[in-house]
């Protein structure tokens with residue numbers, strides 16, 4: 001037994017040798033002692049070993065594409081085409097990482113010489129249709145670091161704005177600066193259509209926030225060892241850098257691509273679609289539905305450079321949400337907006353309900369504003385602002401009903417008083 005002093009009244013840790021007065025807690029075992037600091041150190045070592053053994057993609061039991069799609073169905077309404085494409089692309093990406101982790105590089109070279117490449121994803125579609133939410137939900141299911149960046153803030157190196165390496169800094173921050181975890185994460189770059197080349201023909205003037213950003217993104221999309229400044233901002237020679245390999249980072253880029261449907265429709269013209277169509281018949285594809293028929297040449301004409309398009313082999317489209325889909329978004333997902341507000345009112349001991357007419361009116365307003373699902377919360381917040389101000393101070397309200405008239409502005413929410421037990425611990429009559 002480790003003791004200090006002649007009287008033997010002071011004990012010390014058997015691992016670090018600190019006395020019981022130097023540590024917060026000393027735990028006794030059969031003939032040994034361990035302090036709280038050594039216990040914390042042991043926990044960190046165990047966590048590091050577990051995380052290093054999990055390098056095969058963040059998920060030991062990788063869900064199949066159908067399982068991934070079913071998970072997305074529980075959180076995201078509609079967009080079946082995008083969900084299927086995303087599920088297949090993500091499954092293949094992490095399956096490739098797992099296979100490379102399980103087979104040494106030397107053995108891979110001795111086998112058939114086939115090296116699996118990375119397939120980044122391009123998502124097209126108007127705002128508020130679920131592009132960002134799909135990527136976030138997929139990352140949450142796989143338990144991998146997720147970072148989101150805005151392409152409009154990026155500029156070519158050497159100009160005012162953010163370097164593309166700052167995207168990887170956000171990924172490192174999401175992984176708590178665990179480089180190994182960050183190297184298997186997912187990055188979503190929004191507003192990628194805003195960095196399209198300003199003109200189809202190359203210009204003699206430098207396009208630092210358009211084509212210049214596309215050029216800067218090429219290497220990290222394909223896979224390179226990037227030097228990331230840990231404090232962010234611009235690089236300078238005296239700064240320390242964190243090296244991160246982007247070979248196994250999955251990049252999902254998205255944008256509204258307003259005007260791309262016109263380019264597609266012009267290319268398609270009035271030619272009949274399909275193999276069995278009557279040669280004399282014609283069908284014109286217009287509007288956002290045309291995005292599903294996009295080809296690389298359409299993206300090039302829009303303003304993306306060929307090298308950038310080539311690094312985004314998986315292309316899918318999300319479509320505008322109609323009234324029916326918006327009503328479903330309000331009630332069906334696990335994290336539905338109505339459930340969120342019901343939970344918020346429940347914390348004050350008040351029951352909140354929405355009538356069918358109210359749900360339809362919220363959807364109609366969102367369609368009229370053209371904000372998609374992103375505008376639903378703003379509409380509910382506007383309607384409930386006065387209610388959320390009054391109700392916490394009133395003991396005579398136990399139920400609030402949101403009606404169609406309250407949404408349209410022709411009336412107000414109904415306050416009801418029924419004997420419902422409050423979370424505050426009292427009854428209201």
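Each residue, glycine too, has its Cβ placed from N, Cα and C.
Feature list (source: Swiss-Prot):
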| type | residues | note |
| --- | --- | --- |
| BINDING | 13, 16, 35, 38 | Zn(2+) binding site |
| BINDING | 126, 127, 128, 129, 130, 131, 132, 133 | ATP binding site |
| DOMAIN | 1-54 | domain 'ClpX-type ZB' |
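On the structure: features taken from Swiss-Prot.
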{"residue": "16", "record": "Zn(2+) binding site", "Cβ neighbours (10 Å)": "13"}
{"residue": "35", "record": "Zn(2+) binding site", "Cβ neighbours (10 Å)": "24"}
{"residue": "38", "record": "Zn(2+) binding site", "Cβ neighbours (10 Å)": "18"}
{"residue": "126", "record": "ATP binding site", "Cβ neighbours (10 Å)": "21"}
{"residue": "127", "record": "ATP binding site", "Cβ neighbours (10 Å)": "19"}
{"residue": "128", "record": "ATP binding site", "Cβ neighbours (10 Å)": "22"}
{"residue": "129", "record": "ATP binding site", "Cβ neighbours (10 Å)": "26"}
{"residue": "130", "record": "ATP binding site", "Cβ neighbours (10 Å)": "28"}
{"residue": "131", "record": "ATP binding site", "Cβ neighbours (10 Å)": "26"}
{"residue": "133", "record": "ATP binding site", "Cβ neighbours (10 Å)": "20"}
Looking only at the domain 'ClpX-type ZB' (1-54), mean pLDDT returns 77
How long is the line from the C-alpha of residue 132 (ATP binding site) to the C-alpha of residue 35 (Zn(2+) binding site), rounded to the nearest angstrom? 46
Just counting, how many other CB atoms are there within 10 A of the CB of residue 13 (Zn(2+) binding site)? 22
For residue 130 (ATP binding site), which of the three DSSP-derived states applies: helix, strand, or coil? coil
C-alpha spacing of residue 35 (Zn(2+) binding site) relative to residue 126 (ATP binding site), in angstrom: 58
I want the residues beyond 126, 127, 128, 129, 130, 131, 132, 133 whose C-beta is within 8 angstroms of the mean position of the ATP site's C-beta atoms, in chain order. 125, 254, 318, 372, 373, 374
Closest to residue 38 (Zn(2+) binding site): which of the binding-site residues 127, 129, 130, going by Cα position? 130
Residue 13 (Zn(2+) binding site) - helix vs strand vs coil (DSSP): coil
Filter the binding-site residues 13, 16, 35 down to the ones within 10 angstroms of residue 127 (ATP binding site), Cα to Cα, kept in sequence order. none
